[in-house]
Each structure stands twice: as C-alpha cells, then as structure tokens.
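Engineer: First the structure, which I've put down as structure tokens, then a few questions once you've had a look.
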Amino acid sequence: MKAISVLTSGGDSPGMNAAIRAVVRKAIYHNINVYGIYQGYAGLISGNIKKLELGSVGDIIHRGGTMLYTARCEEFKTLEGQKKGIEQLKERGIEGLVVIGGDGSYKGAQKLTEHGFPCIGLPGTIDNDIAGTDYTIGFNTALHTVLDSIDKIRDTATSHERTFIIEVMGRHAGDIALWAGLAGGAETIIIPEIDTTIDDVANRIRQGQERGKKHTIIIVAEGVCSGMEFAKQLKEKTNLDTRVSVLGHIQRGGSPTAFDRVLASRLAGRAVELLIEGKAGRAVGMEKSEIVDYSFDEVFSMPHKIDESMYRLSKELSI
Ligand code: ADP
C-alpha cells in the first residue's frame, strides 16, 4: 500500500483530531503517503483532497472538532456519487480510506468497499451508539462536559430547592444520560431504552421531598423527548414548576479527555494496520480494553445496548 486517505463525516466529536493525527503518523511511519479529505464525503466527491505531512497534524491532539471539517452529503448516498468519489481517490493513487464517523458514515464506507475500494471505519460520535465497541471516540469528553453542567446546576437547584430538568444529547441512545446521571447523582434518568411513566417520576419526586430532599435533578435523553416537553407533562400531572436546561451543542466541543485521546490513537493505529494487512470493510472498536474489529455488516446487525444494571443501580442510589 503506497497511499491512504482519511476523512471525518457526520456529527463531529472530540478526539477526531487525535484519530486523524494517529492515522497520518502511523501511515508515514510505515512509509505510506496520507491524504486528508476535507468536508467528509462531499469533499471526496468534489476532490477537496490534500496530501498531509507529519507537521500537518501537529498541535491538534488536544483540540476538539475536526481539522478536516465534516459534512453531510446526500449525493454520496447515490451510486453515481460513490463512483465519483472512487475516481477522485484512484486519480491520486490512493488505495485505502479511513472513515471516522457514526453509523451513517459507516454505511458510506461499506458501499465504497463493496465497489472494491478498501475502507476501515472508526467510531467517532459523542452518542456512544455504535455496536462493536464499548466506547465511541468523544463519548467520554461529552460525559465530562455534561457532568460539569450537572454539578453547577445542582448548586443552584439546592440553593433554591428546585426541580431541574436537564436535556442531554445522544440521538436514539441513552448512554450520555445514563452515565452522566449516575456520575452526577441525578434523581431520575429518562432514556429511550427504558420506559418511564410520568407517574413514576412524580412518585419519586414526592418520596424525595417527604424524605427532606432539597432538590431534584432529572436527566432527559433527547431520544425520549425535549426537556420542555417533559416539563410540560410533569406540570400537567403534578402542578410542579421546574426549570429546564438544554445543554445542546456544548456537548460536542472541548478538548478531548485523556481517555478519548488514547482511544482515538489506539483505534486509528489499528485501522492503518488493517489496511496494511489488506483488510477492508471493517470497523475498529475497543471491547474490555482490547482493540477489536468487525465487518460493517456485523456492526449493523448487533444491537446497541445500554447496561441495564447501571440503570437499576442509579435508581437504587437516588432513593
Ligand atoms: P453519522 O455518520 O454521524 O451517523 P449521518 O447519518 O448524517 O452521520 O451520515 C453521514 C454521511 O454518510 C451522510 O451525509 C452520507 O454522505 C453518508 N451516508 C449515510 N448513509 C449512507 C448510505 N446508506 N449510503 C452511502 N452513504 C451514506
């Protein structure tokens, strides 16, 4: 393999830069040229592709976002778009591609591999919603950001003896809500994977107040409903006034944690090795601290699960 390429696609996440850096450095270490594709699959189609050197990825390991920018690209979902992309790569003598993104980005990488162009996927998303890895790149950093906000909101919630509803990201997955809720000592965690009724929540708030709790913190995953919608339903049921905090895009930014930088570096290093070994159509992940890889089909067929024992524990600890 003489030349490979790397792109970031879909939603950005902290640690993508550390992954790009590791792809570039590992490839150059093995005397392979590396090209950066800017703006995801859109840049692949339009040929926004530049050769990267060791110095191109200097001073980015600690930065959030992605130096290659990211985009969503409808044209790439078509066969014509995919063929244009492959032409751009072949024109430059590029023989492999590392795609850093979520499951939509994996679908694109799978298509290219099916057309004979070797791709490897790395899980880059804060949502932790990709199967075949215990953690996605960016999840840990997002968790720290959410936790910092919960801690701050707790201060004001206690002072005013208020109930706060905090809406967090996660798309269809409840991982951010569950982990941040457990770490932040939230009274109630509402996630898509587990049905919770407004009556359950109202009862828990009532029991807490009877026991003398000064505040209540409720974490709502965006995959269930918005924080405002939840506050409305709670008000209708209990007449309780709440304050709603929507954390929004701050969860996507910030300097990646040590965990995310190490994860990104390890997964990216393995991605380059797989291409050197002649493998294609695989997604790299980490399970029980071991670096693993699965075919894209395996990743799509495995359900993403949350750890229900963590959910039960959070309920036991917040009585
Ligand atoms: P994420 O990768 O974070 O899940 P998206 O679902 O928006 O984000 O996917 C990112 C990009 O991947 C899309 O804009 C599109 O270019 C490409 N993509 C998504 N699904 C497919 C598909 N079925 N076939 C080809 N490309 C796809």
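Backbone N, Cα and C define each Cβ position, glycine as well.
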Engineer: R72, C73, G102, D103, G104, S105 bind ATP in TrEMBL, but which of G11, G15, G36, G170 does that record place at the same site?
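Structural biologist: When TrEMBL describes the ATP site, the candidate it includes is G11.
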Engineer: Out of R154, R171, R243, which one does TrEMBL list together with R21, A22, V23, V24, R25, G185, A186, E187, R211, K213, K214, H215 for ADP?
Structural biologist: R154
Engineer: Return the maximum Cα to Cα distance in Å (whole number) over the record's ADP-binding residues: R21, A22, V23, V24, R25, R154, G185, A186, E187, R211, K213, K214, H215.
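Structural biologist: Farthest-apart Cα atoms in R21, A22, V23, V24, R25, R154, G185, A186, E187, R211, K213, K214, H215 are separated by 57 Å.
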Engineer: Out of R21, D127, R243, which recorded positions lie by ligand 1, with a C-beta less than 6 Å from some atom of it?
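Structural biologist: So the answer is none.
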Engineer: Using Cβ-Cβ distances, find the residues under 8 Å from R72 (ATP binding site) that belong to the same chain and are at least 6 apart in sequence, listing them in sequence order.
Structural biologist: S9, G10, G40, A42, G104
Engineer: Can you give the largest Cα to Cα distance in Å, as a whole number, for the residues G11, R72, C73, G102, D103, G104, S105 that bind ATP in the record?
Structural biologist: 14
Engineer: Specify the nearest of the binding-site residues R21, V23, G102, S105, G185 to I250 (substrate binding site), where nearness means the distance between Cα atoms.
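Structural biologist: Result: the closest of the binding-site residues to I250 (substrate binding site) is G102.
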